[in-house]
Every structure is written in C-alpha cells, then in structure tokens.
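J.: When I checked TrEMBL for this same protein, it listed these features:
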type: TRANSMEM; residues: 42-65; note: transmembrane segment
type: TRANSMEM; residues: 86-104; note: transmembrane segment
type: TRANSMEM; residues: 116-135; note: transmembrane segment
type: TRANSMEM; residues: 144-164; note: transmembrane segment
type: TRANSMEM; residues: 170-192; note: transmembrane segment
type: TRANSMEM; residues: 199-217; note: transmembrane segment
type: TRANSMEM; residues: 229-247; note: transmembrane segment
Amino acid sequence: MTDCRYYCMMRREEERRLGGLSPVQYHGKWPFKRVSVFQEPLSAALSALNLLMHFTGWLSFFLLVKYRLPLRPQTKKTYYEYTGLWHIYAILSMNAWIWSSVFHTRDIDLTEKLDYSSAVAVLGYSLILTLLRIFNVKEGATRVMFAAPILAFVTTHILYLNFYELDYGWNMKVCVAMGVVQIVAWAIWAGVTHHPSRLKLWVVVFGGALAMLLEVFDFPPYKGYADAHSLWHASTVPLTYLWWSFIKDDAQFRTSTLTLVKKAR
C-alpha cells in the first residue's frame with residue numbers, strides 16, 4: 001500500500017515537473033527519492049546521528065555526576081539538584097530520535113504518530129525542565145505545580161493527534177510555540193545570570209533560533225533529498241553536543257557552589 005502511494009506520488013510529481021509546476025506536499029510531506037529501504041535517506045541518517053549525540057552526551061553526563069563529582073556523604077546522591085530530570089530528558093530525547101529515524105525510513109501511520117508524539121513529549125518535558133532550572137525550583141511540590149499544566153496540555157495534544165486528527169499545521173504551531181518559549185526563557189536567563197558557561201548557552205539559544213526557521217520556512221527537497229527539515233536535523237547535531245556540554249558544566253558549577261557552601265558552614 002505504501003509502495004503504491006509512493007510510486008503514484010512520484011509519477012504525479014514527474015507530471016507536474018514536465019508541466020512546469022512546483023512540487024507540492026502529500027500528507028504533510030514533500031516527495032523524496034528513496035535509497036534502498038530509506039524513504040528519506042538524509043533525514044533518517046541525520047536522525048540516527050542525533051540519537052548518537054544524545055546518547056554520548058548523556059553517558060558523559062552520567063559518568064560525570066556519578067563518578068567524578070563528589071556525592072552527598074549520607075545518601076550517596078549527587079549534589080546537583082537536576083540530575084534525575086536530565087536523565088529523563090535524555091531518555092525522552094533518545095526515544096524521539098529513534099522514532100524519527102524509523103519514520104524517515106518507513107512512513108506509515110504508526111511510525112508517523114510515534115514520531116510526532118515523541119517529538120511533542122520531549123518538547124513539552126524540556127519546557128518544564130527549562131522553567132525548573134531557570135527559576136531554580138528544587139522543592140517537589142513546587143515542581144509539580146510548574147509541571148502539571150504543561151503535562152496536561154501536552155498529553156491532551158498527543159491524544160488529539162493520535163485519536164482525533166493528525167493536524168500537521170496545528171502540531172507545527174504547538175511545537176514552534178513551545179520551542180520559542182524555551183529559547184526566550186534561556187536567552188533572558190543567560191542575559192541576567194553569571195553562569196560560567198553562559199557563552200555556550202548563548203550559542204545554543206541563537207543556533208536553535210536560526211535552526212527553527214528551517215522548520216517554519218519550509219522548501220522542497222533539493223535533487224529529491226535535502227529539504228529544510230533534513231537541514232534542521234543537520235543543525236541540531238553540533239547544537240546537541242554543545243547543549244550536553246553546557247549541562248555538564250551546570251552540574252559542575254552547582255556541585256562546586258553547594259560543596260563550598262557546606263564547607264563554609
């Protein structure tokens with residue numbers, strides 16, 4: 001069924017090209033040229049690379065907080081208050097890139113919904129984590145108050161996409177809105193904080209803002225392979241490396257601050 005849809009789409013696009021017409025989107029996606037089993041080879045490969053970047057970033061973070069930084073003497077837990085939250089972020093991010101790789105390899109209803117749902121989930125969670133970190137929220141009850149309305153909205157949106165209508169335009173607006181809020185929040189925080197790694201954060205913020213423009217101002221795939229979405233995947237590779245570098249620096253900074261305070265007492 002998917003092969004039939006693909007070949008019909010490509011035949012239709014060839015007719016449009018011969019007629020001097022521009023490419024159009026089908027079911028929210030541009031027509032791409034396949035390579036073996038890969039329906040969107042460039043996006044699939046770059047999604048896998050982003051998955052690798054998140055895995056290596058999380059692994060280096062885990063090794064840092066678990067074995068290189070001091071632990072609390074009584075509990076043997078990390079001093080860094082956001083360790084567990086970043087572990088969850090890593091899991092959600094890797095899950096999102098796994099399904100992005102699968103979806104760009106084979107586009108069927110199931111993989112499409114899993115890809116979109118996973119992307120919304122990690123965006124919603126990262127928005128929560130952004131607010132918790134920049135407002136320095138440590139208490140469990142306060143964290144729940146921050147997270148509850150966002151979790152409710154994200155859950156409702158995911159259910160809407162899966163069981164009511166997979167509205168591409170509405171989903172794009174929701175994702176862009178959550179992304180913009182995070183970028184603005186981190187930008188303001190980077191401007192007022194004295195964090196030693198704020199320069200890395202500035203690069204991620206401005207790089208992320210520029211990368212988001214690729215998602216907003218879409219264009220057809222060049223030579224049938226590279227479109228704006230695949231270029232967005234490419235831009236997130238170095239940004240992911242720098243982002244995890246900032247997270248590790250933040251863990252070191254907070255641990256150093258808390259241990260110095262403890263010694264001063």
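Each residue, glycine too, has its Cβ placed from N, Cα and C.
Automatic, uncurated: that is what TrEMBL annotation is.
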J.: Any chance you could find the range in 144-164, 199-217, 229-247 with the most Cβ pairs under 8 Å to the transmembrane segment (170-192)?
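T.: Looking at each of 144-164, 199-217, 229-247 in turn, the most contacts to the transmembrane segment (170-192) are made by 199-217.
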J.: Go through the chain and flag residues at least 6 beyond the ends of the transmembrane segment (199-217) whose CB is under 8 A from any CB in it; none is fine as an answer.
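T.: Answer is 172, 175-176, 179-180, 183, 186-187, 189-190, 228-229, 231-232, 235-236, 238-239, 242-243, 245-246, 249.
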J.: So what's near the transmembrane segment (229-247) in sequence-distant terms, Cβ-Cβ under 8 Å and 6+ beyond its ends?
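T.: Residues packing against the transmembrane segment (229-247) from afar: 40, 42-43, 46-47, 49-50, 53-54, 56-58, 60-61, 86, 100, 197, 200-201, 203-204, 207-208, 210-212, 214-215, 218, 221.
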J.: So, do the transmembrane segment (116-135) and the transmembrane segment (144-164) meet, by the test of 3 or more Cβ pairs under 8 Å (sequence gap 6 or more)?
T.: yes
J.: Near the transmembrane segment (42-65), which residues from the same chain, at least 6 beyond its ends, have a CB less than 8 A from one of its CBs?
T.: 78, 80, 83, 86-87, 90, 93-94, 97-98, 100-101, 104-105, 225-227, 229-230, 233-234, 236-237, 240-241, 243-245, 247-248, 251-252, 255
